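The structure under discussion appears below in the form of structure tokens.
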């Protein structure tokens, strides 16, 4: 064992090494793309033009630049799904640059331009749309595409902050944000299901290039680790925060809230239905929350039933909200699809701004099973934490829409697809409670919406309990229950270390429609227990995976969502590895 002086010396040496490598790494990335270009035979670069005049010499230089840029573009577009779109777009936008970083940024810029064009076109389409649902879908598209643009902007600026010591964080952020942008684009198109007219098809055409460029960006970023690997550059591992560490956005006054519970902390705002606080509704309080803040802002919601639709907007960041308990401080609504509201907009409570943290509250959609899709809680906040909350509904109860999310000690109830979305979400020690559906319905717990094989998203359940509500159990043989079904092509769900009761059918999983996604999904069950955990009669689809605990470790909070960097500081119970 080394002494303290040796350890300190080692730390200094490592720091110097990291700084040195960081200053060279982007140059090395450029070299990786262009080294073959500059060493190519001269005849490959020359246009065949003749002799020694000044004009001919200048023309040759231009030819070399164009050739170098073309090869750089072809190289960086190589791992993409839509190579032709990638190459043609970058040829126009990137000029003669051979810098991979600038080429990637150019790709993001093009995608943003395409999305802005789609937003403009959606306004025109909305003026022409006769179907109220199509009109609403177009309105939602504008909002969703703005979210996509924000994530692409974040990705664009993140490229400029590259530092090798935070390489994994850098790549993970880009992949998550690009995945979110892709999700918002698809959610826009999903809104045209069950509509009349041609608005949906036209919107699909408007979004085609933007979706392809967003997907291409995901492909390029996914290859960064391999690029650095070929350069023998050290890929830093994610840093685990020590117990005494706190991110800069956690102010001194809020640390006690994170680490000591809520009882002794004075919040920034108090909401109380009985008039004992400054505000009687949550929405009244939200008006006074600062936007784009880098510091935690705390709202205390006293016991009461709050009948209101609440939205934490995109730029309301680092908001913490806590109540008196999941059955005491309850937000309730009844928006639903049958009454003409798009699923995306039915949420009783929607959390969009990054770093949202809520604890000790309840969220309910009371629309009931006859109203079909009716969301109680929609979360698209990146690095969101939902702790000791109860989320009740029927169909589509929890919309884990996008980005990184962590749920701990929660109760989530519903009937059909009651945990759905395309987030990278980890659920620990949660209860998934199947409720009684309509007479002719089956029950499905999950419906993950992963669109592309490179997306870093999944629904992951650790130490959870899949169970039936007492009112459902007498009907479990009639209204059969399943762990999940594939909403999108690359749906991914992992259940490990959990209790699965006998309400779950032996087949375990249900198809969406025909053989859709059965070969491309990723479903895995690892070290579960209970009568419903027996895998001997599970469906035999190609996408059903039998993985080892060692493989399953890749889907733990530390590794899958870099949870050590942002969850422990909140003071909630947390398991970074296998449970």
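FYI, residue positions are counted from 1 along the chain as it appears here.
Even glycines carry a Cβ here, placed using N, Cα and C.
Those TrEMBL annotations? Automatic predictions, nothing curated.
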Region 'Disordered' per TrEMBL - which of 41-70, 71-100: 41-70
Matching range for TrEMBL feature annotation, transmembrane segment, among 16-37, 104-125: 16-37
DSSP-derived class (H/G/I helix, E/B strand, else coil) of residue 417 (active site): strand
Residues satisfying Cβ distance under 8 Å from residue 417 (active site), sequence separation of at least 6: 395, 396, 444, 446, 447, 485, 487
